[in-house]
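For reference, the structure discussed in these notes is given below.
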Amino acid sequence: MDQFIKQDETGDLIETGMNVANHFLSTPIQGTNSLSKASILPGVAPVLIGNPEQKNIQHPTASHQGSKTKGRGSGVRSIIVSPSEAGNGGTQIPEPLFAQTGQGGIVTTVYQDPTIQPTGSYRSVELAKIGKERMINRFVEKPRTSTPVTEFKRGGPGAAAQGQTIQEEGIDGNGASAGSKERSGSLSGATLYAHLSLPQQDSTPANVGIAPQSAISANEIMDLLRGMDARLQHLEQKVDKVLAQGSMVTQIKNELSTVKTTLATIEGMMATVKIMDPGNPTGVPVDELRRSFSDHVTIVSGPGDVSFSSSEKPTLYLDELARPVSKPRPAKQTKSQPVKDLAGQKVMITKMITDCVANPQMKQAFEQRLAKASTEDALNDIKRDIIRSAI
């Protein structure tokens, strides 16, 4: 369901309300075509002047009533006053006493003498008029009064155009005005017109003197600018020097990479030497080292014969229960060590002589020593000499 009221429905509601108000306000004169002395309420006849039948004003139907109102009949409903009451002249009041709107949009105006105060039953009619005006003003917009508009022209208005003003014509009735068309006061589209300024009055001209000389502080500003320029050039020189060191930094990086590569090569060679010669730095045989690690001190506590402990023998014997005894145990028979095969070591030393010794004379001397070597110690001596000559 549409919650908004259309303009046609609004016009119908206003018209229905006006008809109801007119019905109750015009009850004393209902059913007559003209106003006569018999139908006019006492106290109202002296007030009504003029002949309203001759001053009926027909207005166009209001645009807000919609197409539905335009389609109705154009009948005229007027209020007529007898000619005897029309002889007295009067002035038109700003708002009519009351009006009956018909189906065709015809509005009849009733005039009132402003010098006569409402008395009797006319007072109730006046109150009804006020209520009706409030109802009309609630739904109908009052016509706007136009203000004098001065047409703006470049160079100022002419003498004849200064006295001309555009004024909207008024309407003789209480119906809604459809408005009137007038020329826009502005020649620049939607921009509002601007009031012309009055001609300037004569004034005393200003004294014009010689322009002042340059300020003293200008020299100081120039000195500051020169100093800033010098500092900027100095900074540029320093930046150029820093950029020139970039190539040297790159060269240092390359040298560091070379040093790291050389160090890695030396470490690899040292690891190879350690693998090829896993000897002891002290020159002590492994059996002696094991024997020194197995020696320990035995402490005897409690009663017993300790005479054997004072002997000069460095060996201490124990029985099955780990008690020191003077009787020595039978010595264990040592197994003879098998003779090591030196052929493999000789092949390795021959390969070392070929790869590590570049001098032909030294190479020939190492080969002769290798041929005469028959023990492991001799072979180890030859390996040490080959490594020293290579370094």
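Backbone N, Cα and C define each Cβ position, glycine as well.
Among the features that Swiss-Prot reports, coiled coil is placed at 218-245, with the record citing sequence analysis. Taken from Swiss-Prot, the feature phosphothreonine applies to Thr10, Thr16, Thr150, Thr165, Thr250, Thr258, Thr282 (among others), supported by similarity to another entry. The phosphoserine annotation in Swiss-Prot covers Ser188, Ser257, Ser292, Ser294, Ser374 (among others), and the record cites similarity to another entry as its basis. Annotation comment: Swiss-Prot describes 1-194 as region 'N-terminus domain'. The annotation region 'Multimerization' is assigned in Swiss-Prot to 216-279. According to Swiss-Prot, the feature region 'Interaction with the nucleoprotein' maps to 343-391.
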Densest Cβ neighbourhood among Thr10, Thr250, Ser257, Thr258, Ser292 (modified residues), 10 Å radius: Thr10
Residues that sit under 8 angstroms from Thr16 (phosphothreonine) by C-beta distance, when 6+ apart in the chain: none
Cβ-Cβ neighbours of Ser374 (phosphoserine) (radius 10 Å): 8
Spatially closest candidate among Thr10, Thr250, Ser292, the listed modified residues, to Thr258 (phosphothreonine) (Cα to Cα): Thr250
Rounded inter-Cα distance in Å - Thr250 (phosphothreonine), Ser257 (phosphoserine): 11
Inter-residue C-alpha distance, Ser292 (phosphoserine) and Ser374 (phosphoserine) (nearest angstrom): 30
Taken over the region 'N-terminus domain' (1-194), the model's mean pLDDT: 55
Cα distance (Å, whole number) from Ser257 (phosphoserine) to Ser374 (phosphoserine): 46
Thr10 (phosphothreonine) and Ser257 (phosphoserine), Cα-Cα, nearest whole angstrom: 97
